[in-house]
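**Q** Here it is, the structure, as structure tokens.
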Amino acid sequence: MAAGGFAIDASANGFDGRITFSVVITCIVAASGGLIFGYDIGISGGVTTMRPFLEKFFPAILRKAASAETNVYCVYDSQVLTLFTSSLYLAGLVSSLLASRVTTALGRRNTMILGGCIFFAGGVINGSAENIVMLILGRILLGFGVGFTNQATPVYLSEIAPPKWRGAFNTGFQFFIGVGVVAANLINYFTANHSWGWRLSLGLAAVPATFMTVGAFLIPDTPSSLVERGKIDQARQALQKVRGHTTNVGPELEELIRFSKTAMMDQERFVTIFERQYRPQLVMAFAVPLSQQLTGINIVAFYAPNLFQSVGFGNRSALLSAVILGLVNLGSILVSASIVDRFGRRFLFIAGGIQMLLCMTAVGVVLALVSGVEGTESISKGNTILILVLLCFYAAGFGWSWGPLCWLIPSEIFPLKIRSPGQSIAVAVQLLTVFILSQTFLRMLCHFKFGTFLFYAAWIALITIFIILFMPETKGIPLDSMYIIWGKHWYWRRFVVEPQVNQ
């Protein structure tokens, strides 16, 4: 067997479930929570290239762009501008940690509704902003909304989906993130030439928030969450609805109740997750989201318009290039959904990592050759198109590997009693890393120049090796039997204790 990989019976508890119309609709509505995160990723980079927006809030950048002395990498190097982008992720970090207790007390669905309402308020404030304070306040509210939603939605999907198809259904969250990115880039493209365009782009964040919030009112909470809160009758109804009215859900419900009772024996959940027996899950809760961001994807997504404009595209062409990048990513997510439960998580992690490594290295080399070491040489149209093509292949590699799997893995590896804090840690690590990288990327691009892309290429190589050695295969394993994979892993088995479940 490959390091960390082995086969295991997916029917460990016998509750495979089947795909019903109800579970499909429920998962689609829940996955739409990814829209708000994707919309923000796509909208912020495009807005920061709009001249009316820069004239109102960041005139120093326009003056720098007009300077003949500024090299192509340093035009958008502004700490205030990066604060506009990254403040959302600092707020999201705080709310994702709070979301652990909120999801336990209120349930997964109600947490999604809360996140949608807060995001709606942030979009309205941003669209009507008259100064930097309003702009940052709106971003902070958007961040709180993203933190709550990103914590609750992947767990909801993993708990509601049949184990055999959990990967495909959970990929829906990343798919809607991709839809949000593409929609935002298209909106930026059509509003860029209007003086009020930036207001429309920022204000329309309220639309995906409304869609997700209204949708969440129409779906049930997960049976696991309802059982956890003592709502057994509602849990039975929710389970019957998603498994089909002809299915006997009694044994599965009894299993959920049994695991819930075991989980409730330990009330100090954030302390529990640091116990030795949960070391494998805790390491992955840190390593997977951290590694996803160290691939450089969100930096490319945030600043794609700035990046393309820096290397030679005009404003409209830069925005259109960001749309193309988003569409490629979206298509690759569909590929992931179709094969993740067939080939497994490890295969996608490794193959996608190799593809991203080659593309990111190639981008760095091309920029070094065509723009010069100092970044002062002009870049031809042919070379800018080559950079776009390489980044498209890079985005495709991410879209069918690290993109959806970063949400899937943390949501499926934790036992019930530490599932909420585990997902909160994973989301918090991701948002903290995004905050740090987005706050430093434009400065890094200015000083490291083409070396920035080689920096991320080196990280991609390291995290791919990590996956080969330490990530076991989780496809098809029921959530409550997930401890089995750690017990059979060459390294993690030294930490694992088989759960004591009432017989």
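Including glycine, each Cβ sits where the backbone N, Cα and C put it.
Checked TrEMBL, it gives:
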type: DOMAIN; residues: 26-475; note: domain 'Major facilitator superfamily (MFS) profile'
type: TRANSMEM; residues: 19-39; note: transmembrane segment
type: TRANSMEM; residues: 80-99; note: transmembrane segment
type: TRANSMEM; residues: 111-129; note: transmembrane segment
type: TRANSMEM; residues: 169-190; note: transmembrane segment
type: TRANSMEM; residues: 196-219; note: transmembrane segment
type: TRANSMEM; residues: 282-305; note: transmembrane segment
type: TRANSMEM; residues: 317-340; note: transmembrane segment
type: TRANSMEM; residues: 347-373; note: transmembrane segment
type: TRANSMEM; residues: 385-409; note: transmembrane segment
type: TRANSMEM; residues: 421-441; note: transmembrane segment
type: TRANSMEM; residues: 453-472; note: transmembrane segment
**Q** Please tell me whether the transmembrane segment (317-340) and the transmembrane segment (80-99) touch - that is, whether there are at least 3 C-beta pairs under 8 Å between them, with each pair 6 or more apart in sequence.
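**A** Contact criterion not met.
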**Q** Looking only at the recorded stretches 19-39, 80-99, 111-129, 347-373, 385-409, which one has the largest tally of CB-CB distances under 8 Å to the transmembrane segment (453-472)?
**A** 347-373
**Q** Which sequence-distant residues neighbour the transmembrane segment (111-129)? Criterion: at least 6 residues beyond either end, Cβ under 8 Å.
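**A** Counting only partners 6 or more residues beyond its ends, the transmembrane segment (111-129) has Cβ contacts under 8 Å with 30, 33, 36, 95, 99, 102-103, 135, 137-149, 151-153, 156, 199-200, 202-206, 209-210, 212-213, 216-217.
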**Q** Near the transmembrane segment (196-219), which same-chain residues lie under 8 Å Cβ to Cβ, leaving out any that are not at least 6 residues past its ends?
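**A** Result: 25-26, 29-30, 32-33, 35-36, 39-40, 43, 46-47, 50, 52-53, 109, 112-113, 116-117, 119-120, 122-124, 126-129, 138, 142, 145, 149, 180, 183-184, 187-188.
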**Q** So which of 19-39, 80-99, 169-190 has the most C-beta pairs under 8 Å when paired with the transmembrane segment (385-409)?
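**A** The stretch with the most close Cβ contacts to the transmembrane segment (385-409) is 169-190.
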**Q** When you scan the chain for residues with a C-beta under 8 Å from the transmembrane segment (19-39), skipping those not six or more beyond its ends, what do you find?
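**A** Sequence-remote neighbours of the transmembrane segment (19-39) are 109, 112, 115-116, 119, 142, 145-146, 149-150, 152-153, 156-157, 160-162, 165, 169, 172-184, 204-205, 208-209, 211-212, 215-216, 218-220, 241-244.
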**Q** Residues sitting near the transmembrane segment (169-190): Cβ under 8 Å, six or more positions beyond its termini, same chain?
**A** 23, 27-28, 30-43, 46-47, 50, 153-154, 157-158, 160-162, 197, 200-201, 204, 208, 301, 305, 316, 319-320, 322-323, 326-327, 329-330, 333-334, 336-337, 340, 399, 403-404, 406-408, 411-412
**Q** Could you pull the average pLDDT for the domain 'Major facilitator superfamily (MFS) profile' (26-475)?
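**A** It averages 84.
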